[in-house]
2 protein chains.
Amino acid sequence: MTIKDARTPASVQDDKSEEAGKSIGWHKAYVEGSRPDLRVPVRQVHLTNGQSVTLYDTSGPYTDPLADTDVRRGLPPLRENWIIGRGDTEEYAGRPVRPEDDGIKHTSPRGGLRNLDAVFPGRPRQPRRSRDGGAVTQLAYARRGEITPEMEYVAIRENVSPEVVREEIAAGRAVLPANVNHPEIEPMIIGKRFLVKVNANIGNSAVTSSIEEEVEKMTWATRWGADTVMDLSTGRNIHTTREWVLRNSPVPIGTVPLYQALEKVDGRAEELTWEIYKDTVIEQAEQGVDYMTVHAGVRLPYVPLTANRKTGIVSRGGSIMAAWCLAHHKESFLYENFEELCEILAAYDVTYSLGDGLRPGSIADANDEAQFAELRTLGELNRIAKRFNVQTMIEGPGHVPMHKIKENIDLQQEICDEAPFYTLGPLTTDVAPAYDHITSGIGAAMIAWWGTAMLCYVTPKEHLGLPNRDDVKTGVITYKIAAHAADLAKGHPGVQEWDDALSDARFEFRWEDQFNLALDPDTAREFHDETLPAEPAKTAHFCSMCGPKFCSMKISQDIRREHGGSREEIEEGMAQKSKEFAAAGNRVYLPMAD
Amino acid sequence: MTIKDARTPASVQDDKSEEAGKSIGWHKAYVEGSRPDLRVPVRQVHLTNGQSVTLYDTSGPYTDPLADTDVRRGLPPLRENWIIGRGDTEEYAGRPVRPEDDGIKHTSPRGGLRNLDAVFPGRPRQPRRSRDGGAVTQLAYARRGEITPEMEYVAIRENVSPEVVREEIAAGRAVLPANVNHPEIEPMIIGKRFLVKVNANIGNSAVTSSIEEEVEKMTWATRWGADTVMDLSTGRNIHTTREWVLRNSPVPIGTVPLYQALEKVDGRAEELTWEIYKDTVIEQAEQGVDYMTVHAGVRLPYVPLTANRKTGIVSRGGSIMAAWCLAHHKESFLYENFEELCEILAAYDVTYSLGDGLRPGSIADANDEAQFAELRTLGELNRIAKRFNVQTMIEGPGHVPMHKIKENIDLQQEICDEAPFYTLGPLTTDVAPAYDHITSGIGAAMIAWWGTAMLCYVTPKEHLGLPNRDDVKTGVITYKIAAHAADLAKGHPGVQEWDDALSDARFEFRWEDQFNLALDPDTAREFHDETLPAEPAKTAHFCSMCGPKFCSMKISQDIRREHGGSREEIEEGMAQKSKEFAAAGNRVYLPMAD
């Protein structure tokens, strides 16, 4: 495959590359597929030894100095021709946007949007859906044996054959979230035979945050490696915020429609109806939401199972549905109307993320009756969704001690016919608020190694507040570590090349290469310079940790130089060479200026 | 057992408690043992619901408002009477301290200490050692069936019987590092049947850092939970820095004598001799070093095994010994003189930490021939050490991908007769410099769950520079999380009570209790206040994450209130109560001021 350079050398120093995290040393490139409009972005890291390393890139056009991006216009509709080309969808008038969609009620004293400027100015567009009401999903195509451009795109990204991608999607072991109304995305795939993915949550709440912040958080999260982003907004301007996020997002966007539906009934769970919920799902499907969390597994008979829990129901959606079920003493309207919901999602290719509304919220509640009762229902719903050709993944916990993690993935894979598992953490202890990216990063790495396909990040603010820009970055980096550690443990082909390249750079004291290969080049460089800021230190054969005398790698290199490189050379050479070595004064370190 | 309060209520607000991490809400207390001078410190957290939680405390007298501490005087010699009482040791003139001990050579233009003030002013003391040259080790006592005050002390700390402590030490499955010349320590135990421990490394290098900084780092590390501290200083004032650290440390101190020995020969590895090394070990044993890393497993025949490695030898000690072996083409003088070394350590009760000089420094080198060849030699040396009644633990890697971690602990336990394993991380990927506390925290939690007794922390500066105060705190907290997660997974008795107490506080919106129970109360409170600073928010039944409408825990509580607490009540009550519930307007959230 040929890699096209996205910039002229001159542009390396421009402020876009500056923006892109001091990207001197790496740049955006594209791998061309079977058609000119199929160009897969990669991150090319150029090493000082002339070699280069190609890394997966989620940052979208924003890191391409040649791309002319404008958040007020939105990203170019990369997939538009592919979608139209299939000829199975059509534009239509669509559902009129109402003030309530943004949580504005005539009763509200404030009224109106916080600022009119918030309305997305980008090009007018009509929503698109299935022409004949049939499924226009990647699952339907895969089952028909079709390899779509989206499938070829992810095959190139994952370095596998397009047929493997088609097979995994057809078998329901992988999903390719791609709403026909979200042509802007760069396709990606979620499944245990592919690279472990990371989701970052954003979203304003009634208490804090603004539209601008959310769009900024989304692009920021993808820059550091988020593979998908969930907009969990619950405050005002919920429709408009989502529009801005969708039009500017290079990655699939997920939502929990129940949150917006609840806003429409003023937060009174018992006033929720199937009609209001359905209307909200259609509203979001028309906007282009790629996957939706649906808590249809929280059934009336399961609610009492949470009564003796230490932390009850900790999923927002789960608690709302439980309250509804009890208020009406009726079975969940999501469970009752699940088949109709499937028909809607199939018409836009919205992927299900079947929510674990009864996930444990504390170590004490892990793997309990309520959690596994819901999981069995999710398995049942997964089979129904597949009948309607709706792509489906299953959400998982939560708070789980290490020795109870494996049971979660094993049970889910068995009960849900190997549908992709999408877990939050799990957090392996409850005692470290402010460090839950770490308590959960531990569990995330383990459960991903054992087969979880996507990890929902947790930021340092979990349990305490809404994440800011720094928290989002910390959460994403922590989860990229967990995902990559899992890819290594799974022996995913080619994955270790990244570690090897960085370790070679480390052993050869190519500091700039170490920085540029790091998951976070900026911070790595900054930490090094804190103690040894001078340029020469960037080529020094030691660092401030050990100083020159104690640099073990320096000593190792001297040994090789003195005694030959290979094991055999060293063995045979050791004896006679030891004398000359001694004579040569064999210093094992660079003398210090003293 | 009775718990004595360490302060009068009045003193809670004093600046000591301020220092102690905003400790309003918790205070230092002591559990009394069988004798008045046996008082085990604990951290008592007082909850707003009147209950209290008792936590393990490593912070020493510094967090006791009643203790009058002065770093220039040093800590009180807590164990002095116990040591003297055994009557098997005697004071003696000891080895005269020489300028070389601080790395000062007549040849040095600078000469002298950086500042005379650096010489530790505390009370003059003579070193102590075995009266008849026999072993005065906790291992010897345990094998004789004696339960020492130190053993009773750790039994209270670990909430087990003193006999269990004696048995584990006698069997060599646990060590209680306690040099007769370090009477200041609060005894602690390292073994798989006890709580997982965390070591924090400090130490200046030729390039940076000062004595004052090191003492401050030591007390800072223990405040956040470090169970032992290793002084890895390699620069000047190495002897004096260690004296300050030892006299002020409430936790066992470990060192790598080879570092100081190398300084004494100007960093020329080939000039090292057994005599210089031995002299250095005695110098440090007389000062009171509790455990020493000895790289006696790096044997001449193993050096060639590292030739084809990606990152060669990454242990400082390992590379120095390898260079020595090759320079002289001789077997390691540490291996050759190991029995004599055992006699010395036995006379002071210095514990061996048999170093893994050939540990892998990259994912590519994990579990290779060189690493496991050395491990087999460590098993052989462990048996020799036990013959001399020297307490022994074994050091482990390093960089290891998740799927290769378990083999490390399993092999070590088998080869080393279940001697305590003491591992660095392991790091589960090489690609995240600046985040290696996280890449390694993942591996640390797993290997501890599987039986590792102590974890050597890794800070965010690993591979990049020397840790500062913040890095030390981040490293310790990250490793306390790994250790506690492992204790939970091992089902260590009573451990989950901490998680349960915090989860109860979380579910009941007792924010202050959540903060005070947190591993890092300061940061938890700070993060919460970033978005909801007002005092009322500390009792609010929601936080800025979800806002009032979406607080799942609030909804769960409403469900319980409306439908009764227990599962049975809810089941039977659901039907008829649902009507009233509806009638009552069953709002599932606190109405917002809107």
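Using the three backbone atoms N, Cα and C, a Cβ is placed for every residue, glycine included.
Remember, TrEMBL labels are computer predictions, not curated facts.
The substrate site recorded in TrEMBL comprises B:Asn201, B:Met230, B:Tyr259, B:His295, B:Ser315, B:Arg316, B:Gly317, B:Asp356, B:Gly357, B:Leu358, B:Arg359, B:Glu395 together with one of B:Tyr277, B:Tyr335, B:Tyr422, B:Tyr435, namely B:Tyr422. Looking at B:1-23, B:231-253, the range tied to region 'Disordered' in TrEMBL is B:1-23.
In the structure shown, the C-beta of B:Tyr422 has more C-beta neighbours within 10 angstroms than that of any other entry among the binding-site residues B:Tyr259, B:Tyr422. Each of the binding-site residues B:Gly317, B:Gly357 was scored by how many other Cβ atoms lie within 10 Å of its Cβ, and the smallest score goes to B:Gly317.
Mean per-residue pLDDT, taken over the domain 'ThiC-associated' (B:27-90), amounts to 95. Mapped onto three states, the DSSP output places B:Asn201 (substrate binding site) in strand. The two recorded residues, B:Tyr259 (substrate binding site) and B:His463 (Zn(2+) binding site), show a Cα separation of 19 Å. Sequence-distant neighbours of B:Ser315 (substrate binding site) (same chain, 6+ residues apart, CB-CB distance under 8 A): B:His295, B:Gly355, B:Asp356, B:Gly357, B:Leu358, B:Arg359. Checking the binding-site residues B:Asn201, B:Gly357, B:Arg359, B:Tyr422 against chain A with a Cβ-Cβ cut-off under 8 Å leaves nothing. Long-range Cβ proximity for B:His399 (Zn(2+) binding site), meaning a same-chain Cβ under 8 A and a gap of 6 or more residues, is found for B:Pro360, B:Gly361, B:Ser362, B:Ile363, B:Asp365, B:Ala366, B:Gly425, B:Pro426, B:Leu427, B:Asp430. B:Tyr259 (substrate binding site) falls within a helical segment according to DSSP.
The Cβ neighbour count for B:His463 (Zn(2+) binding site), using a 10 Å radius and every protein chain shown, is 23.
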